[in-house]
């Protein structure tokens, strides 16, 4: 059994705060600060340009990628880090479209994160493709023989709804389409199994449940069957077969390394390394069990003690990621009151209170505290002050 | 007169090392380590998700962009930071092509950094454009009415040759083309004046002469006349007019902010902020004068004391950036010996010894030491040992 008391102790959690917003930004692993300071003093300062080899910076996107791979059911050598999630979506999508040249439809759903849709819109404009967006429950029916790529986010950022990755991927393949999965709200939250699901591409970020820090590097995975054929239109020198030959013609590196683009962000990657240390020894089945324990307890507690809140997430834990949403007509003000009282979740328009549960550091005490403070706020009506209404909506 | 003794003191330069490779990776500003540690402890740790507003993370790409703007002759509100240089090349190029829909040729030169050419090749494949690469001295003659975009790196990464940005931009405009300038080896090295040159787009990195750290964020500038029309095909939520409306349709933000894509790398941006502090009070004309003083002295010293080395950079300082190359048939081994003796430059195949001079921290003592050690190595033949030949070529 994974030791979640130990993993909780690995994080800096501010005194008096119950943090249920790790699905937006994970807290800082205690070791990250010293790790970064050491990298700056011992590597950047002292090795200067030599750090690319001597300190392993050049290989970091792959060595760190191998550590992320275990958390998403991928093999070693199948994942590289870099850039941001939107950019990795762009690469995966352009590569997938090029692998299905006779088809021009990108199928996605309205539960996808908007940035993924924006990326698809921009790419579709350039490549003469069409983005078709349907409701999450209509994806399966929309998979016809015009669809080149099905691009979905596994866990809905608002509701926590968890798609059945294996079933939808099989359906996409049966229709002759490829499947791209965005794991933004999955990696580190649920027991992702890309290999088992036989997906084609996957992308994700590391600043949510993986706790890599604000703007931490993204990751991209290509199934080995495509890794030597996938050609993203966004190609840079670090993805060249021989980057230091300074060849005027691009020749993609074998395998996943071709998904590298420019110079990797070493300082950020170092913070992420410290964050990944906390994952050592954590099993994905324990992670999933713990996540379900926390979200079930929260739903039960809120429904028992907080009349007026309506569940906005699937009730069946098998269909839910590691977050829970509740609707309230004054959701924004309620969330501001909750944050002021030390329980940090977030708000998504028009009326959703969103709570993320990170098994690595959240526990049942967090759940109980959140429920009781939320109940008190609703009982008191203490959210109903101008003060909360004046605050900015951006978090 | 800018105080280069003070700016030199702002850097950590390892004892016994004469660092002439700041054109690859700038050294660490002393203040960067504490700045990053403080950001991690006071902002990420304590503010958690609230840091995006309270600590100014969300605005950083623009606030930091304003500080870079001054160093490249751009105005406030015209530059944003983020991603890597290759990605910013991709955005500028796709936006420029879309502004010239009737033309499909991208003109570049063989002195451009390969990654820029790779980016252009990938984009050309997707957008049905053609990349035409000519010798640097043939660019002007190649500007015909098929050219949509002229994309050049101002300072050649191997030779230090400096293009005449204003003259070539005027020539491009006369031919009906747009001009994109890559400032990788210009920003912080020469007195760039984008506004004066009337350029259309510019991009650059901050880990060379700007000393932002390995993999520090890139920048992009759009001339205000294009800023509200430029539509890069790579578009993400941070460049949306209302990112937190979670609108399913992309609507570009007004101005340069549309060039933002995903979540910005806050830790890296913080190190860069410390690096930009060193630039406060430094005038670009002093910078240029100091750079010319250093490169002229180095050329004179080497030519006087190091027979067998052949200058591989323009002799006229008006046509040279802040680096100097010399050819030697055993260039690789000579550079290894030089590095072993504490003078760090780098090697570019097939035979170029490359030396960057950063006015902020290099001085005439560095020049003299480099010349005398290089002279000794060549005199002794102490580079001619198997030892140096065995070392890896990647730096």
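Glycine is no exception: its Cβ is also placed from the backbone N, Cα and C atoms.
Some features that TrEMBL has for this protein:
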type	residues	note
BINDING	B:85, B:86, B:113, B:114, B:115, B:116, B:153, B:182, B:185, B:207, B:237, B:263	pyridoxal 5'-phosphate binding site
MOD_RES	B:208	N6-(pyridoxal phosphate)lysine
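A distance below 8 A between C-beta atoms marks B:85 as the recorded positions from B:85, B:153, B:185, B:208 lying next to chain A. Rounded to the nearest whole angstrom, the C-alpha distance between residue B:113 (pyridoxal 5'-phosphate binding site) and the residue listed as 'N6-(pyridoxal phosphate)lysine' is 14. The least crowded of the binding-site residues B:113, B:237, judged by other CB atoms within 10 A of its own CB, is B:113. Cα spacing between residue B:237 (pyridoxal 5'-phosphate binding site) and residue B:208 (N6-(pyridoxal phosphate)lysine): 29 Å, rounded to the nearest whole number. Note: the Cα of residue B:185 (pyridoxal 5'-phosphate binding site) and the Cα of the residue listed as 'N6-(pyridoxal phosphate)lysine' are spaced 7 Å from each other.
Cβ neighbour count for residue B:85 (pyridoxal 5'-phosphate binding site) (all protein chains, 10 Å cutoff from its Cβ): 29. In this view, residue B:208 (N6-(pyridoxal phosphate)lysine) is surrounded by 28 other Cβ atoms within 10 Å of its Cβ, with every protein chain counted. Taking the Cα of residue B:208 (N6-(pyridoxal phosphate)lysine) as the reference point, the closest of the binding-site residues B:85, B:115, B:153 is B:85. All protein chains included, residue B:153 (pyridoxal 5'-phosphate binding site) registers 26 other Cβ atoms within 10 Å of its own Cβ.
Residue B:115 (pyridoxal 5'-phosphate binding site) is surrounded by 26 other CB atoms, counting those within 10 A of its CB over all protein chains shown. Its own atom aside, the Cβ of residue B:185 (pyridoxal 5'-phosphate binding site) has 26 Cβ atoms within 10 angstroms in the protein chains shown.
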